[in-house]
Each structure stands twice: as C-alpha cells, then as structure tokens.
Amino acid sequence: MRHAYRAPGAPDAPGASHAPGGTAAGRPWRRALAWLLVLGPFFFLSYGFATWVSAQRSAVAYIVFDWEQHVPLLPWTIVPYWLMDVLYGLSLLLCATRRELDTHARRLLVTQLLAVSCFLLFPLRCTFVRGDVGGAFGGLFDLLMSFDQPFNQAPSLHIALLVVLLEPYLRVVPRAWHALVYAAALLIGVSVMTTWQHHFFDIPTGLWLGCFVVWLLPTDAGSPLRRAALSRDPLRRRLAACYAGAAMTLGLLVANAGGAWLYLLWAAGSLFIVALIYLFLDAASFGKRADGSMPGAVCCLLGPYLLGAWLNSRWWTKRLAAADPVAAGILLGRLPSQSDWQRQHVVAIVDLCAELPCPTPGLSHRVVPRLDLVLPTVEQIEEASAAIDEAHQRGAVLVCCALGLARSALAVAAWLLRTGLASSAEDAVAQVQRARPAVVLGAAQVDLLRHWQLVYQAQTVIITTAE
C-alpha cells in the first residue's frame, strides 16, 4: 500500500428496521418534500465547499493500495453511480410515518455533516486519471465532473448514504424481492471504484460511517445519546478506560501494520463505541431487539468486538454444559446456539446479554439487557426475576447471558428467592452454584440480593395491605 501525506502549508441489511408501515394516503408527502428542499441544496453546497477548500491546498494526501492500479474503468457503471441521486430523493417519499421520515432525514443530514467534517479535517484525493471517457456514457461523466473534483474521498459519502438508504427500501419492497435490493446496493457500491471516483480505503470507512449513523439514530427507539450521562460507577469507568485504551493502542499500531491496518481501524472503532457505552450510555445502546437479534448496522459497526465477545463466550464455556437445570423448568446457561435451545426443549428464553445477538425464531424471547461485569441495580434485579417468573408460567425457560456464569446466575438466584425456593440470599447463591459450579457470585452479589429482597418484600407488603 502507498501513502502520501500533505506537504506543510459491510437474517437484515445494515439499518434494516421492523418499524410499522402505513397507508399511501397517510404518508407525510408535504413534510417529505420540505425535507428534500432542505437536504438537496445542503448536499451540493456542503460538498462543494469541502471540494473548494481542498482545491486551495498546495498538496493533498492520498491513500491507495498497489493492487488498485488493476481496477478497470467500466464506463457503464456510471449509471448505477448516478442512480444514488434518484434513490436519495425517492427514499424520503417512501417513509410511511412522520417518525420514519424525520429519523431518515436526520440520518441523511448527520451523515453529510460527519462526512464533510472528515473531508475538511483529513483531506484526501483520488489518484486515478480518467481522461475523456466519451461514448454513450461520456455525458454522465462530464455532468459529474462539472461539480466534482478528485477530493472528498474518505469516508465515501456515496457508500455511507447507501447504507442509510437501504432501510426505507427494504421496508417497502416485499421480502421476496430483497435480494434485488441487495444486488442493486452491491452494484452501486462497486461503481465507486469502477468509475474511478474512489480508492478502496474510502469504501470501508464510508460503510462504517453509515452504520454509525444508523446506530446513532435508530428508527424504533430514541438515540442512545438521549440517555447519555457520565457513569458514577468506578467499575464502569475502569472498563471504559480499558476499552478506550485498547482502541487507542490499535490506533497507534495502524502506522506499522501494513495492509492490515484498515482492519485495525475497524477494531479500534468498535472498541471505542463500547467504551462510550460503558462510560456514558447503557446496555440498551447495543441495539439488541426484543427478539434477540441486532440490526445489521450494529453488527457491522461492532463486528470485531462482537466476534471477540462470541469467541470469549465459547472459550470460557468449552468444558461446561451449554446449560444446567437449577430448578424444575429453569435452566441456566450461556447464550445458546440454535442447536443448543432446540436440544434443551425450552419454550422461552430470558436473555440478559446486551452485547451479543441471539435470534431464536419460534421461541418466546425476553431481552433484559445488562452490561457485562457490572453489578445491576435493585430495579434491574426485580425486572429480571419478574421476567423469569412470567416466562416460567409458559413452560421450561433458559436464563442466559454470554457465559451463563454471572448476570444470568444472579437473576436466577433472585428468582429462587422470589418464589420461596431459597430461604436466603446465601441459600439462593449456593443452589445456583451447586447446579452450575463455575458460577461467579461473590459477597457483592449476595449483599445486592439481600438489599433487593428487603425492597421487594417491602413492596409486596405494601401491595398486599392496599388490597
């Protein structure tokens, strides 16, 4: 790979949502047109401004891999490249509700703002020299170059917007035709290189930006930033520092990592997001859905972290049973694979793992997300134990977290106390540890159970007295 520095002076697609649709008559047409009148000019003005600023510099850096010299110029791919502009405008008209529309429009706006900020702070240029294309597609290239110059490279705004545009189209296109949507998206994605508009580095950075914006502005929930608050928990702060330190270390290694550095940046970015979640956000910020799945955008954004967390889960439990029975109809275990939960013959899952997806089609799935290695609050223990109690009324239940050794174990211990199957916090922990000896519950968890038991019993007395 070659670098040059400025002289002194990628089950759902990313962002696919299950938001409800609406009738054509009820679509917010006027609001969509108003958004288009704002976003269209802003796109060209902000993009053009960044291009103009870069053009004033005496030298602009570039990042290109040696193999890119073999990428052919395919003039016909200017058609799917330009198709993005049409899809951009139409996407606003596809939104069925005001909430869908406003979320989608804000995503487009934030994507533009972040990309242009990168263009201004870290300007890069394209080294491809295209010359006069001519032929049937020459006019489209001429039109493109009438406002574009070989700047504004990374992250690729084309790719970032492509990620954001996927959701409204997947929402309205019948599932049987989703493969066609993916194929069109792939063709558009490839076209940024076969038109010689971008280098490869721009593509994954654009993909990451698009996924980040979809995570930041979910359709079916509020932005995680709305719940942001600096954690006062010393353990959460230490864990955040560990993740941030790992992200910074990977970032520092980038300069000496050769062609693999792109992947290190992806890993660094995923760890940085996790650090933010531990320091400022909450377990729900991982974006896990009620059915145990995660949006494709989150899986892409946090891919290296998710892979590491899953491997860690399997490594620490490789000599353990996937789940162990604690009481009649209550199993305690790790996050299950499909073969695990089918073999266990459970009818419901209570899932306390915030950081890993666990889709279980056909099963009742209750997600009660908790951050790994962090003590829950009394309210969170109550929520988890109540979820187990409710699920148990339907039949056998698997209570799980990543390893099945801490978060889920504490929830099962609370359920034993709740149902009178344990006489004390110590007895509840002892029963759980007998059933699954590797369980890690110490004095802090016992004290927390005692505190929860006092609060829960007091609430029960108040409710009983009121009745």
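In case you wondered, yes, glycine gets a Cβ from its N, Cα and C as well.
Look at TrEMBL and you will find 1-22 tagged as region 'Disordered'. The annotation transmembrane segment is assigned in TrEMBL to 32-53, 73-96, 108-131, 151-170, 177-194, 200-218, 239-257, 263-281, 395-417. Marked as domain 'Tyrosine specific protein phosphatases' by TrEMBL: 372-447.
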Write out how many residues of the domain 'Tyrosine specific protein phosphatases' (372-447) are helix, how many strand and how many coil, based on DSSP.
43 helix, 5 strand, 28 coil
Among the recorded stretches 177-194, 200-218, 239-257, 263-281, which has the greatest number of Cβ pairs closer than 8 Å to the transmembrane segment (108-131)?
200-218
Do at least three CB pairs under 8 A connect the transmembrane segment (395-417) and the transmembrane segment (151-170), leaving out pairs fewer than 6 apart in sequence?
no
Quick one: find which recorded stretch in 73-96, 177-194, 200-218, 239-257 has the most Cβ pairs under 8 Å with the transmembrane segment (32-53).
73-96
Using a Cβ distance cut-off of under 8 Å, indicate which of 73-96, 177-194, 200-218, 395-417 has the most pairs with the transmembrane segment (263-281).
200-218
